[in-house]
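Engineer: According to TrEMBL, the protein has these features:
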ACT_SITE  HIS125  active site, proton donor/acceptor
ACT_SITE  LYS129  active site, proton donor
BINDING   GLY7, SER8, SER9, GLY10, ARG11, MET12, GLY69, THR70, THR71, SER93, TYR94, ASN95, PHE96  NAD(+) binding site
BINDING   ARG37  NADP(+) binding site
BINDING   HIS126, GLY135, THR136  (S)-2,3,4,5-tetrahydrodipicolinate binding site
DOMAIN    1-96  domain 'Dihydrodipicolinate reductase N-terminal'
DOMAIN    99-210  domain 'Dihydrodipicolinate reductase C-terminal'
Amino acid sequence: MRYGLVGSSGRMGHEIKEVFSAHELVLEVDESGIFRRGEPNVFVDFSNRSVLATTLQLCSQYGAGLVIGTTALAEEDMKAIKELSNHVPVVQSYNFSTGINILKILLRESASLFEGMDVEIIETHHNKKKDVPSGTAIILKEALGREVPVHSLRIGGVPGDHTIFFANEGEVLQISHHAISRRVFAIGALRAAEFCVSAKNGFYSFEEVLRWTQKR
Ligand SMILES: NC(=O)c1ccc[n+]([C@@H]2O[C@H](COP(=O)([O-])OP(=O)(O)OC[C@H]3O[C@@H](n4cnc5c(N)ncnc54)[C@H](O)[C@@H]3O)[C@@H](O)[C@H]2O)c1
Ligand SMILES: O=C(O)C1=N[C@H](C(=O)O)CCC1
């Protein structure tokens, strides 16, 4: 697979290059500019919403699919990404770990059981993370289908921890996810890129990629 990497000099960019080592990196984008060595058939974007227009233009120019993990996207950004998905396959997720996506499914399917309980989220990330709350906390709230207080810690080099607390008068249920390293997100992005190169045009979640992976 020939891939382009937007955010190539970043924390995730470095992880992606390691996990994608069996594939050919032919185009890189970071704050220093665009560096082309070939024609990608898929782009991976872990950067910042400020470079999204460039990402979308490059995908259109090369007719290449897109795997985008960048968080803190605005509504108009998602609209533009969905427009691109009419022309190429797009996988978008605020969290490319298997565990968080399983948790999303469990929360969505059991949300009614938590009615009447207090629910709050604590998310902890490294002290260089620019956005708050995490994109993962946002998607967990969406899975629960209700507004939930989120408490954010930005400390040390934590790759990404999320705990959901459910409480009533007599008990507390805690469900936690701990990312051991950023490697988990890069592995998920690789699965998504492999999905993209053979998928029909369209907008896909990482859950759909996981189900596709299971069927292989
Ligand atoms: N979806 C997931 O699973 C997942 C996992 C980890 C991180 N993320 C998200 O990925 C993004 C990047 O995280 P990170 O820790 O790698 O960040 P980082 O700050 O280490 O890297 C950002 C990269 O984007 C580039 N960049 C930023 N602004 C740019 C611009 N205007 N023009 C060109 N290049 C630009 C930087 O040069 C750098 O290469 C964040 O939004 C983060 O929340 C998502
Ligand atoms: O390191 C980050 O930044 C992460 N961002 C995503 C989020 O905002 O949820 C995923 C976890 C790591």
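Cβ from N, Cα, C; glycine included.
Values in this document were obtained by computation on a predicted structure and should not be read as measured data.
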Engineer: For the (S)-2,3,4,5-tetrahydrodipicolinate site (HIS126, GLY135, THR136), what does the 8 A shell look like? I mean other same-chain residues with CB within 8 A of the CB centroid.
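Structural biologist: Along the chain, the qualifying residues are THR71, TYR94, ASN95, GLU123, HIS125, LYS129, ASP131, SER134, ALA137, GLY160.
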Engineer: C-alpha of PHE96 (NAD(+) binding site) to C-alpha of LYS129 (active site, proton donor): distance in Å?
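Structural biologist: Between the alpha carbons of PHE96 (NAD(+) binding site) and LYS129 (active site, proton donor) there are 17 Å.
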Engineer: Relative to ligand 2, which of the binding-site residues GLY69, THR71, TYR94, PHE96, THR136 have a Cβ found under 6 Å from one of its atoms?
Structural biologist: THR71, TYR94, THR136
Engineer: How many whole Å apart are the CA atoms of the residue listed as 'active site, proton donor' and THR136 ((S)-2,3,4,5-tetrahydrodipicolinate binding site)?
Structural biologist: 13
Engineer: Taking only the recorded positions SER9, ARG11, GLY69, THR71, TYR94, HIS125, which have a CB closer than 6 angstroms to any atom that belongs to ligand 1?
Structural biologist: SER9, ARG11, GLY69, THR71, TYR94
Engineer: Within a 10 Å radius around the Cβ, which one of these binding-site residues has the most neighbouring Cβ atoms: THR71, THR136?
Structural biologist: THR136
Engineer: Select one residue from ARG11, HIS125, HIS126, LYS129: among these recorded positions, choose the one with the most other Cβ atoms within 10 Å of its Cβ.
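Structural biologist: Counting Cβ neighbours within 10 Å, the top one is HIS125.
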Engineer: Where does HIS126 ((S)-2,3,4,5-tetrahydrodipicolinate binding site) sit in the DSSP three-state scheme?
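Structural biologist: Assignment for HIS126 ((S)-2,3,4,5-tetrahydrodipicolinate binding site) reads coil.
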Engineer: Given the recorded positions HIS125, HIS126, GLY135, THR136, tell me which ones have a C-alpha lying within 10 Å of the C-alpha of THR71 (NAD(+) binding site).
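Structural biologist: Within 10 Å of THR71 (NAD(+) binding site): GLY135, THR136.
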Engineer: Within the domain 'Dihydrodipicolinate reductase C-terminal' (99-210) only, compute the mean pLDDT.
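Structural biologist: In the predicted model, the domain 'Dihydrodipicolinate reductase C-terminal' (99-210) has a mean pLDDT of 97.
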Engineer: Out of GLY7, GLY135, give me whichever of these binding-site residues has the highest number of other Cβ atoms within 10 Å.
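Structural biologist: Result for the most crowded candidate: GLY7.
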Engineer: Which secondary structure state does DSSP assign to GLY7 (NAD(+) binding site), in the simple three-class scheme?
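Structural biologist: Its secondary structure by DSSP: coil.
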Engineer: How long is the line from the C-alpha of GLY7 (NAD(+) binding site) to the C-alpha of THR136 ((S)-2,3,4,5-tetrahydrodipicolinate binding site), rounded to the nearest angstrom?
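Structural biologist: Cα to Cα, GLY7 (NAD(+) binding site) and THR136 ((S)-2,3,4,5-tetrahydrodipicolinate binding site) are separated by 19 Å.
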